[in-house]
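Listed features, source Swiss-Prot:
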- Glu181: active site, proton acceptor (ACT_SITE)
- Asp45, Asp84, Glu114: Mg(2+) binding site (BINDING)
- Asp45, Ser46, Asp84, Lys112: 3-methyl-2-oxobutanoate binding site (BINDING)
Amino acid sequence: MKPTTIASLQKYKQDKKRFATITAYDYSFAKLFADEGLNVMLVGDSLGMTVQGHDSTLPVTVADIAYHTAAVRRGAPNCLLLADLPFMAYATPEQAFENAATVMRAGANMVKIEGGEWLVETVKMLTERAVPVCGHLGLTPQSVNIFGGYKVQGRGNEASDRLLSDALALEAAGAQLLVLECVPVELAKRITEALAIPVIGIGAGNVTDGQILVMHDAFGITGGHIPKFAKNFLAETGDIRAAVRQYMAEVESGVYPGEEHSFH
């Protein structure tokens, strides 16, 4: 199978072809996803909650991300693999480069970092040194203590304009992908249309170029609070492979996320 690349996603955006992505943390699920044609995966710091059992993503280390990245890469050798740089792993551009090198050596094709215009120098430095960057705006879980919880971001003119400005700044600095989390559909549409790079949404309506879900949310195995934007595809199909195929099909057709999964 031909490898999926950043250029593949760029072509999807140009062709207005929606695409599905998912988090993965181990060999077995990565192989299953790849076998079903789901070829864009993220080793997310969400593993702190879903795999390690913490109440936030903050305890996750670069070593944790590298370990899981290597496992996922073995299961899905041809996927486009993103890896999060966890909390405090990119406080300076130099630190970001050192930690990005670690996860790239483990098998990542691209690193994802959370934050807006303050990251411009970091994004430039990484991009100039052949480390592709995915930005992450909106609800950025590493900032949970600043936000005072997991809340929708970008409501109101000032907040929405700031997020659009952040998105444009990240793109100008060299970011090649952007994740938008928990923002109003109207803002997600503005940002997706304003950027030349692909935008992946989670809790951002069906107006973005792609969608991502935490694997555990997509299969209904999350303990505790279930996000509004989540859908349990396993409950509808009763078979995990069929659930993966249904998730992909609903994203590609624009059925998921529906109005009931979206914010305004």
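Placed from the backbone N, Cα and C atoms, the Cβ positions cover glycine too.
Recorded features from Swiss-Prot, shown on the structure.
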| residue | record | Cβ contacts under 8 Å, 6 or more apart |
| --- | --- | --- |
| Asp45 | Mg(2+) binding site | Thr57, Val60, Ile65, Asp84, Pro86, Phe87, Pro141, Gln142 |
| Ser46 | 3-methyl-2-oxobutanoate binding site | Thr23, Thr57, Pro141, Val214 |
| Lys112 | 3-methyl-2-oxobutanoate binding site | Leu42, Gly44, Leu82, Ala83, Asp84, Leu85, Val133, Cys134, Gly135, His136, Leu177, Val179 |
| Glu114 | Mg(2+) binding site | His136, Leu137, Thr140, Pro141, Gln142, Ser143 |
| Glu181 | active site, proton acceptor | His136, Leu137, Gly138, Leu139, Thr140, Pro141, Gln153, Gly201, Ile202, Gly203, Ala204 |
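Apart from Asp45, Asp84, Glu114, the Mg(2+) site neighbourhood in this chain, defined by C-beta within 8 angstroms of the site C-beta centre, holds Gly44, Ser46, Thr57, Val60, Leu85, Pro86, Phe87, Lys112, Ile113, His136, Thr140, Pro141, Gln142. Around Asp84 (Mg(2+) binding site), a 10 Å sphere centred on its CB holds 32 further CB atoms from the protein chains shown. In three-state terms derived from DSSP, Lys112 (3-methyl-2-oxobutanoate binding site) belongs to an extended strand segment.
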